[in-house]
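Copied from TrEMBL, the annotated features are:
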REGION    B:1-26  region 'Disordered'
TRANSMEM  B:35-60  transmembrane segment
DOMAIN    B:99-307  domain 'ABC transmembrane type-1'
TRANSMEM  B:104-124  transmembrane segment
TRANSMEM  B:136-156  transmembrane segment
TRANSMEM  B:180-203  transmembrane segment
TRANSMEM  B:238-260  transmembrane segment
TRANSMEM  B:291-310  transmembrane segment
Amino acid sequence: MSALAPTKRRGLAQRTNPLVYVGLYLVSLVIVLPLLWMFLTSFKTDFDAISSPANPIPNPFTVDAYVTLAGGSQPILTWFFNSVIAATAQTLIILVTASAAAYALARLEFVGKKIVFGVIIATLLVPGVIFLIPNYLIVQNLGWLDSLWAIIIPGSAGAFGVFFLRQFFISLPAEIEEAARVDGAGDFRIFWQIVLPLSRPALATLAVLSFLTNWNDFIWPIYVLLSPENLTLQPGLAVLQGTYSTHFGIVMAGAVIASVPVLILFTLAQKQIVESVANSGIKG
Amino acid sequence: MTETAVKLSSRGGPGPRGKAGRPVRSKPVGRRSAVAYLFLAPFLILFSVFVLGPAIYGLWISLHIWNPLLDDHPFVGLQNYIDLFTPGSLTSGDFWKSMGATGIFTVASVPLLLVIPLGIAMLLNNKVRGGSVFRGIFFAPYVLGVAVISVLWRYLLDPQLGVVNALIGQDIPWTVQVPWAWISLVGITVWWTLGLNTIILLAGLKGISAELYEAAAIDGAGPWRKFTSVTLPGLRPVMTFVVTVTILASANMFGQAYLITKGGPGTDTRTAIMYIADQGLTQNQMGAATAMSYLLFAVLAAVSVLNFRLQRDNT
């Protein structure tokens, strides 16, 4: 791209001011440095983390913090697997239920369509705090308190996935679908064999966004998960901070464990995430 | 937008809209609706139980004295709401103080979360090598959970043992005294979320036609004049969206204060969400707490409407 783009644009834009790069590098530094510090501190001894906080380089370099966490008083590996299970399960449920609902709203005509769509969209504007207490009671009545069901199911009911996929389904060309219909395909086959395969990028983006949201959820799990072995990583970090209040190496190791999966996911899906975020402002 | 969307969607639907001459089967309306609701059913069941139901159930709870440990939940009508507006009642003082804390945080963070991302977006809108790498770096903290960024900054800002004080050789009470606690919470939030607004504003900047800038240049406009006459008006719709989303996000602040300042010193940084969650889920005052959550919702809705109105009037 660098071979083509400059010749095309040189006529319009002047040469980039070097100060632009200075600015961008400065911002990058401010963003990255704290994360790097977290990463490096997780390889420090407790003593080193406290006694030489201004020196980011571990001296000596040690993985003691991770070893302590793995065999320590807090079951961080269990939290990790709980987070993986909850986020994966919720993502799958969202993909299945939201894509089916979005197909109906984008491609089918039915009685009450406007009302159903209006109600679903309206709930996008309601802040999460409204649902906190009633959902707590509902989850309690279902016997789901202190279980992963509470983390997986209520959050999979949100309107975002339906809205997101509906916008994409609408943009698919109607001709392919009409041709299939002429060939005798029913709604389910059109959905399964035409709409879903064509929507892979949108489904992947929604999957990543759903996974991230569930993985990072904090306020809900700290109230509905109670036993230490049932926690997910985010409330687990709060427990770690309380347990190891001055053992910063250990707390940072916990933070690293909670961030690495989502940072990898983000790196893999960066383009889709960034584009869907950018679009949210333009189309919103 | 919704209108056009609905119209577009009907193109793909079955029925008599097919082009003349094409054999398009038409099913009875009732059967088509049944198929559609079959597709909708799994989502609608979840949605009714965990979104629509709770929104209404919450209103019902807010009309009662609702202690989950007791079997009896006496109906009190609007008393929980009236209490919040009665000075000297059990909840009103603390509630409005927490609303004030949320207000302070919102007023302090929103302008920064507009100006700084706009500046960065304008940098990125130049012809930059590695632009997508920068975008990725700026956005990266946002994908980390609030618990991660909070324990990280709790360490960096620890008044006695922290990195920041060690680096600058000062004893600043970052997390334990106001206004430092507010400066910390706002700064951390800006660091954490600036990538989100940057990306949206950058997309907005890219949508402004280069011809407008050329026309302004021909008219002799300098950089500042271009910014105020072309950039800002061109960004207006995107800006309205960003302002609204940022206000709502700031008003929902919870995790940072819960983990970094623990609402302190005293209850100075205890935000509305923190107070509502504490009253409802720890103190078992669910009726009062749900009433507070609807009041907060009403305030936020009013702010959003006002924001859209102001943006429209400026056009």
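Using the three backbone atoms N, Cα and C, a Cβ is placed for every residue, glycine included.
Because TrEMBL annotations are produced automatically, they should be read as predictions rather than curated entries.
The shown structure was predicted, so the numbers you read here are calculated from the model rather than taken from an experiment.
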Other than its close neighbours in sequence, what residues sit by the transmembrane segment (B:291-310), given a CB gap under 8 Å and a spacing of at least six beyond its ends?
58-59, 62, 80-81, 83-84, 91, 95, 99, 102, 240, 243-244, 247-248, 251, 272-273, 275-276, 279-280
Going along the chain, which residues at least six beyond the ends of the transmembrane segment (B:35-60) come within the CB cut-off of under 8 Å?
290, 293-294
Residues of the same chain, at least six outside the transmembrane segment (B:104-124), with any C-beta under 8 angstroms of its C-beta?
131, 134-135, 138, 182, 185-186, 189-190, 193-199, 201-202, 204-205, 231, 235, 239, 242-243, 246-247, 250-251, 253, 257, 269, 271
For the transmembrane segment (B:238-260), what are the same-chain contacts with Cβ under 8 Å, counting residues 6+ beyond its ends?
101-102, 105-106, 109-110, 113-114, 117, 145-147, 149-151, 153-154, 157, 175, 184-185, 188-189, 193, 197, 200-201, 203-204, 207, 232, 269-274, 277, 296, 300, 303-304, 307-308, 311
